[in-house]
Each structure stands twice: as structure tokens, then as C-alpha cells.
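Worksheet for the structure shown next.
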């Protein structure tokens, strides 16, 4: 028995050593504070649970769902896109498809459009799935560095013309994981123009569209005139509605891109349980006041972490979106060295920035997914251990 050669190209799990040490410390009785995982700790809102309970009792929901999602779900997604972003004239029959979360749809889009010899343009640092899915599809990832001096936006001028000519897809994710960076409509206009010029499929991973603070509302790339000619956007209910385990979302945009994604999906999965789609419809009709109440919890946690780190000398500002704070490591450390120090000295688990790509070196990521008391305790442990930025 032998693994396929493609697995040899998949990088090893970069956090394996940290996980090994974490388990060893837990076995020794050490109280570990894990702020490394972007998995919301709050329950799914009650009205979504109620919609699920009612849908489970309907026998008509117990058989196979439509591959592309129920008509009701796709229409709800279209209405939400119009209500939330002002994106109109989306066709629920040809420009929307349900997905099992967004990770599945992201991966299957690579399989639909990338072949051997094709480039994919992916952000670095970025969601690791962009790179691994490129490799699974037989393509070649070309990384676009995200640098602080460019507000963690890719510089399109740095993409060589010979690479752009062979590129099939360009991936962006704003609000951004792991950096928390934002994109403006003006930047989206640049992306659309670049992808139109080079006949590249523009893919926007919008998993954090509702995870925003201080009154900020992240835009959709589909707000740009002409974007639907070359763009597809991926939405997920996982983070915004505390539904990571439910595995539900949708892809929306260019009809040809949706067709390609759907063709892969119909051959590898059987859709999303119809009762979960009913619950998702309830989620997309969540009252804005209730949604903002959820966001206020994460905003408060953000403020605890940012103020705490500032008190220890860190030169950081509060991010306006996502579940994360992207933090520079103190001078003299690599990201892996510093995250190992936090684990050994403080019992704090955070991922090193290099785990998200070589351009993530020099940073680590904090997830705002544990209670306020434990966040305060994490800062206190760092202070007690004498860990400061400078």
C-alpha cells in the first residue's frame, strides 16, 4: 500500500510540534489556554435552533437534497446578497449553489478549473487550503505576499506577466484570515480589472463578511460593475452565526464558475441536509440587533487582547474585522520560537505566522474564541513571565 505522489507535495502539518507539546503539558496537569483555533465558543442563536427542530420533524426533509441546494435556500441567499450588499439581479437557478461550509466549495473550485501547468495566484500569508487545493488539482501556486506596508493587500504589479498569462484563478479573502486586514471597493475594482485583462477567475473567500466591529461593514466583490463576468464569492454561516459544526454556506457569482463547481460537487457529494438549509434560511433572516449583540462579544474580547498587549509594549491597533488579532513577535524571535515560548512559559497556545506562509514569519495569530476571563488570564500570565514586546 502506498500513498499517491500528490500527498508528497502536501506540506506537513505545521502545528504538529506545538500540538505534541500541548498534549504533553496537559498530561502533566498544566492548565492550557488555547487561543489558536477560530472556532466560536458561543451557542448557535435560538431562532436558528428552533428552525432546525421544526425542519427535522418534516418527513419531506429526510430524503436526498437537491445537489445545488433547495430552491428556497438559493432564493434566500440571493435576497440576503441584495439586502446586505445591494447586489441585484442574481439568478438563484444559475448563479448560486449551496456548499458544505465554504472549505468544500473552495477546494472543489480548484478541481473544476485548474490543470497541470496552470498557476493559481494565492495570498501569503493565507488560508492553507488555497495552496493544498492547488496541489491536489495539479497546479502551481504563485504566492502574492501580503505586507504590512501595503496594508496586507497583494501588489498586483509584482505578478510577472508570464505568470498572469498562465494563471487560472486569483484568490483573496477580506476581511482577511490571518491578518484581519480589510479591502476597499477601490481595491476590488483593481482586482476585477486585472482579472478581466488576463481572463482569470477571481475568487473571493468572504467567510468573515459579518465579523466586523466599530460600525464597519465589509463589502462584496460583486458590488463592482462587471465583477460577475469573472468573479465567484464564497459565503459561510460558520463564524457569523456560531455554526461551524453545521457545515453550510454558498457560492455565488459567475454562472460558468458556478456550473463548473456544481459539476464537481454532483460527482463527489450529495448536498446539504434540507433541515440544515431551513435553519440557514432562518440565520440569513437574523435581526440586525441580535447579530450585532453577537459581534459586540467579539469586539469586547478584541479590546481585552489589544489593550493587554499594548500594556506589554506591543505596537498594535485593534482590527476592525475577523475573529483574529495578528501580532508581531518581539525582536530576536522567529514566530515558531516565540509561540513555543508562550506555550512553555505561559501554557498559551497560538499558531506561528509562518504556518500561514513564509510572509507570515514575524507574526502570530490570536483567536477571540474563548471567554473574557481566560483572555485576561492569558495577558496576566505573559506579564508574570516577563514577556514583553520590548
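The backbone N, Cα and C atoms fix where each Cβ goes, and this holds for glycine too.
Just so it is clear, the model here is predicted, and its values are computed rather than measured.
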Which of 34, 177, 285 belongs with 67, 102, 103, 127, 208, 236, 237, 238, 247 in the pyridoxal 5'-phosphate site listed by Swiss-Prot: 177
Three-class DSSP secondary structure - residue 127 (substrate binding site): coil
Among 103, 239, 365, the one of these recorded positions whose Cβ has the fewest neighbouring Cβ atoms within 10 Å: 103
Least Cβ-crowded entry, counting other Cβ within 10 Å, from the binding-site residues listed as 67, 127: 67
Whole-number Å value of the largest CA-CA distance among 67, 102, 103, 127, 177, 208, 236, 237, 238, 247, listed as pyridoxal 5'-phosphate-binding: 29
Count of other CB atoms lying within 10 Å of the CB belonging to residue 238 (pyridoxal 5'-phosphate binding site): 22
